[in-house]
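Database features, via TrEMBL:
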type	residues	note
BINDING	36, 38, 63, 85, 111, 141	S-adenosyl-L-methionine binding site
DOMAIN	43-234	domain 'Ribosomal RNA adenine methylase transferase N-terminal'
């Protein structure tokens, strides 16, 4: 391969349009898989430009489908593009692109939720976490049904610095339903503030960089689409294990219209709930009458730090599940109703 900076400008040769590819291979979007095709190459070019300078970059595209964004990435003069596609119907069309871009496009028929991208690119691309992001990018028009579990998985990878982030602070440019994009970027106190806001923002600089109208997709989804860019922070704003942060944040937001002490209380067994919740909020210096959406990342940092100390003092806390306790209490009550004698013993 040519040395960095000496690659000549690459452009794909004339090819059938995406619409023609869909017709040629009789492709139809599967509603159950939340598939929507973006056919306008001006829009796919715009998404790729928003991802930054991709010259000589190594790009991992998730869910390429019929290959609209794939074409725009290849035309951005990348060193290599790896696409992972689960749906076998799209593979022939992608192979046509691969033939048109010899040595540029690598196709994997697999699932992005399980694919080991950390083994995909050269070791020489790796950068220290404190350095600038590596020349590795993740780009994708995600099916709506996998977008949230996938970004949570990748955020955990950011926290552990593994998966796609073994190369360093790999940047991601991804599509979501507009509502999800707004949640990811929502500021403290806004209506859209949610679990996703906190989990993304404590680990990454998150930007909603583009909104694409639903009518640009085939079939037209009922919602518009937001393009979001993630750049991992050199230091997470909360220095605790991902699962612990996720546990605190999830509990805080489960009663989003109520005061925060209500959801945070579910971190503790019923017998000690009031006392432990008061202790958590007092030591974290958090007003118990704040709503979950009013809690900043700094609030969650304090809550997670105090909760970690409480778990260290009583390791059973971290495995406590309030739903299991409710289930057990319900079962016990049913047994008592069946056996009145038992309840009087």
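Note that Cβ sites are derived from N, Cα and C of the backbone, with glycine treated the same way.
Unlike curated records, TrEMBL annotations are generated automatically.
Features per TrEMBL, on structure.
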residue : record                               : Cβ contacts under 8 Å, 6 or more apart
38      : S-adenosyl-L-methionine binding site : 44, 68, 69, 141, 212, 216, 217
63      : S-adenosyl-L-methionine binding site : 84, 85, 86, 112, 140, 141, 142, 143, 146
111     : S-adenosyl-L-methionine binding site : 84, 86
What is the pLDDT of the domain 'Ribosomal RNA adenine methylase transferase N-terminal' (43-234) when averaged and given as a whole number?
95
Can you tell which of 36, 141 has the most other C-beta atoms within 10 Å, given these are the binding-site residues?
141
